[in-house]
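Record features, source TrEMBL:
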type	residues	note
COILED	548-578	coiled coil
COMPBIAS	1310-1327	compositional bias 'Basic and acidic residues'
COMPBIAS	1362-1372	compositional bias 'Basic and acidic residues'
DOMAIN	1072-1153	domain 'Cyclic nucleotide-binding'
REGION	1310-1372	region 'Disordered'
TRANSMEM	6-24	transmembrane segment
TRANSMEM	137-154	transmembrane segment
TRANSMEM	160-184	transmembrane segment
TRANSMEM	196-218	transmembrane segment
TRANSMEM	318-338	transmembrane segment
TRANSMEM	359-378	transmembrane segment
TRANSMEM	390-411	transmembrane segment
TRANSMEM	423-444	transmembrane segment
TRANSMEM	459-476	transmembrane segment
TRANSMEM	764-789	transmembrane segment
TRANSMEM	809-830	transmembrane segment
TRANSMEM	842-866	transmembrane segment
Amino acid sequence: MRLDAWVKRVLSVILLVLTGWMTFTEASMNGRRFIFGQVIKEFEMIHTDDFCEKNAKGASQCARMNANYLKVYCSLFATIAWGGAVRTVIKTFQLSIPYTVVLLITGLVLGLGSRVDAHFCETWSMFTKFARTPPELILYIFLPLLIFESAFSMKSHVFMTNFLSISVVALPGMLLSTLFTALACRQFMASYAWTFAQAGLFGAIISATDPVAVVAILRELGTSENLSVMIEGESLLNDGVAILLFHILKEAVEDPDVSGHPYHIFITFVKIAIGGPTFGYAMGKVAIWCLTMIFNDAATEITITLVAAYLTYFVGEFYLGVSGVMAVVLLGVTINAGSTCISPEVMHTMHIFWEMMSFLANTVLFVILGIVISETAINSFENEDGLNLIGLYITLNLIRLVMLFVLSPILRRVGYDANWKNLTVMMWGGLRGAVGVCLALEVYRSKKICMYTRVGPKFLLHTAGIVILTLIINGSTTKSLLDYLGVTTLSLGKLHDMAHVVRNLTAARVRTIIALKHDRFLADANWEIVHRFTHIQDPYANNTKKGNAKKEAAAAQKQQNENKAENLIDASAILNEKLITGGFLSSARLKFTQSSTNVPINEKLAADRPIIELKSEPSLLLIHQGKIKRPTTLTPSSSSKTLLAVDAGLDNEFGSDSDDDHLDMDDPEAKKLMEESRSRVLKSMKISCWTQYEKGALSEEGVKVLVGAIEAKEDMHLKMIHVKDLNDHWEIKGVIAWLRNKIIEMTTGEVKPTKPKAKWRHPFYWLTTQPWFHGIIYFVIFVNLAPIIFETVLLATNREAKPGPERDFLFISTITFTTIYFFEFLFKIIGRGITDYCNSRWNLLDFFVLLVSLAEFGIAIGTRGWTRSDTDNLNSENLIFFKIIRVVRFVRLLRWARPILPKFTRIIEIRVNARLFKGYDIGTGYIRCLEDALRLLPTIITNKMICRKFRNLLDADRLEAVRELLKLQMDHSGVVVAVKTRHASRAICGYMKEELETMKLEGLLEEKEFDLLTSKIDGNLKKLWASPNKLKLSSIDFMIETLPWLVGNDEMIAFFKETHILKAYMEGDELDGSAGIYLITSGMVKLRYTPTRNIINNLTEHGIFPNAEFLMDFSFASTQLDFMGLGGIIGEYGFISKLPRAASIMCATDVEVVFWSNPILENGLSHFNDPHDSLEGRLWRSWGIKMAAEFLHTTAQYGSWSSDKIRAHLEQGVVPIGKNFNSIEVPEYIEEVILIQGELINDTTTEVAIAPALVPPTWTRIGQRPGSAVEPRLIIICQEDHLDTLNDSASQTSLDKVILHGPGVAMGLKDHESDHLLSKKSNERRRSVPYLSANRSSGGRRKSTLEAQIKGVVKRTLTKSKPSDVRDFPKD
């Protein structure tokens, strides 16, 4: 018989047996005596039988009951919602008050609501009805959840290691606490006249601990695991012991003659104490067996653990009569010890589920406790109870302390470090909670004990009081006690480990910042804000013990080194802080990447791969990289068609075909093939959207819009998404645009007029141009509002002002305000002139108000002596005129629009910026989708003609989208900067999280530290989304400082700042790309690459790339078009390669650039020629990283890496320059060698690699191929873990020195002694730059020959003839 069939039969038999047993149990329950069964029956009589009896009376009663129960459910979920809000507030504001304390206070306040008045109490009691659940049922509902979660979350090996210590405190310690408490109650609370059995029962109730708040604080502060497990484990076991003693002593109180026999007590104790753990262990094994039968089914596996927890507790307590608490403890520990039975994919979800259940249970439970205390416990309060409660609180703490010190010799013997500090923490952490209150409630409601009026009520009162005091006093001060005792002080090992992790994390952050600058989408991000939102400090930096000089010195040294690594101020290898606070980074382009396994390679993909030439035997590089020979011929027709398609744009419908591939769209098979290809492309774009969202490169709203637009096109036959489908998201039009323009036009600050020539007009000119003059006028208008409103009220009520004070007031106010307006008009005319006065709309409005005031003034004079009868005798036309004049006076209030409208402008601008922010986010996400789809086209479309058609379509749409976003960037640069800043910060935080995950998997980071650092990163992300939607642009000097080839070298930065030229070009002008290097600071240029046979031959045969800024298609066989905007760099590769320009550069708009001519750059090369870190090497490295980042996406090894991860990896590399590096022996510590230019030969096997290529690790001796036209250029990446060893090595090769002194070393150095090396190298560099060192040594009074030469080059460049359409700007 097969195993699965046998399992099915066994399970069927078990289900039949369980069904029959449950049926028999239900039929015979009334005849059996179970205490808990009687409680349930009584509860059901109250809530169910009574309802059933009244159910026959009518549907109205049913409706009323349903409404009442809905209130209970509503209040229950409102309590949970309140718990979530409290948790969020405590975390957000980092409050030190425990979460459970707030919930208990909440319950106390809710319970007091039932004491307001009778009517309110009746209504309010329905909302707090869930708190009046029987105490036995509360234990059955909440205890299994809380106990299993605690046992399951503890580390099983730590629990088992301390099991004897925990048992000593939980068993003998619980007995001692109960005994001492009983004696103390008998001695100091004699007024209650408790018997010893009654006092012992109270001791058992009050000795049960519930240190939820303390355990949470211990975990948060990172104290010793043994201490945390000791406190939590004691709580789990002594709850079971407390319930055991409670049942024994309760029987003794209720029926002393029957239950007080020692033999009966012993048998009960053994049955409950030993039977519970045994049954829990057996149930744990059963649960493990069930879990092993399930694989990767989260719902089923979580269900098994949930059912096991409740069944173990219920069956153990109700049917077997053993301790359900101890059974569940052993169940959780057993499953945790055998956690391999849970699927690895489900383990994290399992822990999250139980954490959530524990959170819900604690939330509801502590609110219930507060309500019970307010509604029930304080009913029996008397004056003497207050003093007794305070004395009891002090006594219980002393008893617990004495108990721990009495047992400390035994604890030390069994292996626990029972020092006085740990014992003090255990004493103070002995909080009381739900178990004690539920047991006291059970005594309070017992029919056999209710006759003792000073037993049940006093038990409940004092238990509730102790719970409140321990939670509020002990729980709130535990953290301060831990700090005072120094328990939270971490060992030097932990401090060192955390400092090491934070240092690695900081290095990864800096590498990512540098890497992101190569992405054009993030070129002008505000890196000062990025630094603020991604900065992580060592959380253990200030966690050293006070007074311990050695530890404090070590922590201070750690912090000092952290600050050094963070600031990165060394000029030679560590990036200075300016890079971090304002680096000129490009977007974290998080592209969708293909899987590296079993990826088919068709002809198109093969055409994009470089050649491998074989000299003798098959190349290992061919096997390693999967590259095949590229075509060396260029088809003019295909390239021209590509250009035509790009320039003209392609329709996004596939109804017609303009290519010469003759794809017959009338053929049903062709249509089907086209539709399938379209579906794959749209699916890849949708996957790219979600990948960008997960990596932080796309916002939540952006991914919704893009995915929605793509899915809308998926439902349309032969339709593709187009950029015009998304234009509405970043175009500002309609009412908002019109209103914004009008308000801006109206509120534009007026130009101060020319001062009049006549001196007698100067005082009036001065007066009318002062801000306070306009303020006085605004105040006058505001005061004038009172008589206007008064007269309007009279007009509305159809009555006149009474003769006397009312009429005199109106008459005087009219004359006064009219006079003021007249003199304002007169002063402006005299001081500013008629022309200036009439040019302002606001002045024309003032003049209109003045005319109305004069008309009102005339009416006031003319009607001064009129009576009511005179007004009634007026004809209707005159009466209407009078009324209109009075109403029109409200026009004066429009004057207030002038200072108020700018406020509305800000509101509109905020809305507009938010819309533009969202639109630019969507646009950049769409471009990345298109680029990812273009990269994957050869793998998802096998038909070459269809692939070419989609490539043309997607590329044309990409260019249009780039052009749209660049225009948006020019018009709304501040909004674009904000988008880029937010995306860059998210990308960096995402990469830091990946680094944390990697360190955790490698064992460098424990779970607690991982959670701590992750929460700090998440906190930064929360602050990030509250950042403004508009930010300032970076300055030109700052853009120069953060150029890829300058970062980390102050001398080079000073040189390039000193020698740069600002130029401006008009739309349509062409830039000479071979004249030098351009850095675009404003505007947009259009680049057009045209292939030639010579270019293709150089690339395929010699590995020489064309001099063009195009790296998307490595075949370079077709004409390409692209746009470049702010932050773009042109001419970088052309200068170092000395190749003729292969792409034209035309200004698509007015453009401003920073320019360095070839003579200036040549001077820089000649003077920054450090063999280990030269300017030429930095330029090659900068271009090589850009090229390699695109190339590595096509390789199997890096195909699954994100773009920012690849760039960060490349940032660790260096490019050796010099004849001595034409032949290199590759050491074992080199992680990767990438050929970015030229040809390379394996000296051992004579195999040849042509750029771009990954050099296999088996190539240990490499060099320039004989007869090669150019020197090979390599990016060499050292293993990060080997940098320390390399730095300490006494014998360093030339390659070692390049690695240590190159730009990428700052991301790899981790040794504390590296500061000495870096300062030494900085001094060497300083000596190698004469004009800088001369200036420093002589206070700037002397100039070196080099400086004079540089100034001469600058002067000659400035005086050279230049086109008439080019103008120079001063650098300042």
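A Cβ is built for glycine as well, from the same backbone N, Cα and C atoms used for every other residue.
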Per the definition of 3+ C-beta pairs under 8 A with sequence separation of 6 or more, do the transmembrane segment (359-378) and the transmembrane segment (764-789) touch?
no
CB contact flag for the transmembrane segment (160-184) and the transmembrane segment (459-476), at least three pairs under 8 A:
no
When you look at the transmembrane segment (764-789) alongside the transmembrane segment (196-218), do they share 3+ Cβ pairs under 8 Å, ignoring any pair fewer than 6 residues apart in sequence?
no
Cβ under 8 Å to the transmembrane segment (318-338), counting only same-chain residues 6 or more beyond its ends: which ones?
34, 36-37, 143-144, 147-157, 159-160, 236-237, 239-240, 243-244, 271-273, 275-281, 283-285, 287-288, 291, 305, 308-309, 312
Report the listed stretch (137-154, 390-411, 764-789) having the maximum count of Cβ pairs within less than 8 Å of the transmembrane segment (809-830).
764-789
DSSP helix/strand/coil residue counts for the domain 'Cyclic nucleotide-binding' (1072-1153):
16 helix, 29 strand, 37 coil
Along the domain 'Cyclic nucleotide-binding' (1072-1153), what average pLDDT does this model show?
90
